[in-house]
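Features as listed in Swiss-Prot:
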- Tyr135: active site, proton donor/acceptor (ACT_SITE)
- Lys164: active site, schiff-base intermediate with substrate (ACT_SITE)
- Thr46, Val206: pyruvate binding site (BINDING)
- Thr45: site 'Part of a proton relay during catalysis' (SITE)
- Tyr109: site 'Part of a proton relay during catalysis' (SITE)
Amino acid sequence: MDLSGCGTALITPFRADESIDEPALRALVDWQIASGIDWLVACGTTAETPTLTHDEWLRVIRIIAEQAAGRVPVWAGCTHNATRQAVENARQAAQIPGVTAILVANPYYNKPTQQGLYEHFLAVARAVELPVVLYNIPSRTGCNLEPETVLRLVGAAPNIAAIKESSSNLPQIGELLTRAPESFRVYSGDDNMALGTIALGGAGLVSVASNEIPREMAEMVRAAVQNDWALARQLHRKYFPLLQANFLETSPGPVKAVLAMMGRIEERYRLPMTPVSSATRARLERLAGELGLLVETPVPQR
């Protein structure tokens, strides 16, 4: 999978009745692409995917892939903590026109061994022909996908093409980049670790902040990939306070709050996600104002 740059892990906008806000989602896709984002991720962590029904999960992927219309690649998040269901999810997502890769995180809650992780990901990879992107996010899943296991998987399934590394463990990322084949892509899954990952040989970033600042994050990552480190550092320093503030509370709470301030979505969540606190909201509003993000954008008509 020859893909470098910045992809966005899209949020899922909801209405007051908690239904999916399809016009807002389609508008977000168009804005992301017009802003220079290199690919989109449907139904990842930032999308509140565990709160979606299976039919809603399929619908969100279809909407994003349909609206992207081949302009950028689309990765479909197919994570499940039951391997059988993860396999079925991957098979269903792979049939959606416009889906170009399958993203699968470690099974959450189960806390499998490395052998369990190996067999889980291998089963998913063998069920589809599309490239499979591993997704290591121990803080959410309760288990870490170790480099040795990744290397075993790469050797066993040729369509395991990449990993989204959200462990925030730079030595682990460095080990993986040192030992993996050059064709295997490593993407940072952490905005704050993007430049470090790219400096070690990573291919780019799957970003949360690019929901709010797609053009700026795409420019920062592109600069790093092209070895323009002066520009990359300049942009990172400018937007670092926002990258930090996005995790003052559980994501995507802060990101959705900022997008609502920008007029791009209604600020709606599904429990157990709740609106951010008044203190967090005040800090986000101040940062968004300082960064010039509060230009009014009408929420798409329904």
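Glycine is treated like the rest: Cβ placed from N, Cα and C.
Locations of recorded Swiss-Prot features on the structure.
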{"residue": "Thr45", "record": "site 'Part of a proton relay during catalysis'", "DSSP class": "helix"}
{"residue": "Tyr109", "record": "site 'Part of a proton relay during catalysis'", "DSSP class": "coil"}
{"residue": "Tyr135", "record": "active site, proton donor/acceptor", "DSSP class": "strand"}
{"residue": "Lys164", "record": "active site, schiff-base intermediate with substrate", "DSSP class": "strand"}
{"residue": "Val206", "record": "pyruvate binding site", "DSSP class": "strand"}
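With respect to their backbone Cα atoms, Lys164 (active site, schiff-base intermediate with substrate) and Thr45 (site 'Part of a proton relay during catalysis') stand 12 Å from each other. Looking at Thr46 (pyruvate binding site) and Tyr135 (active site, proton donor/acceptor), their Cα atoms lie 13 Å from each other.
In this structure the C-alpha atoms belonging to Tyr109 (site 'Part of a proton relay during catalysis') and Thr45 (site 'Part of a proton relay during catalysis') are separated by 15 Å. Close to Tyr135 (active site, proton donor/acceptor) in the fold, though at least 6 residues off in sequence, lie Gly44, Gly77, Thr79, Leu103, Val104, Ala105, Asn106, Ile163, Lys164, Ser166, Gly189, each with a CB less than 8 Å from its CB. If you take the Cα of Val206 (pyruvate binding site) and the Cα of Thr45 (site 'Part of a proton relay during catalysis'), they are about 11 angstrom apart, rounded to a whole number.
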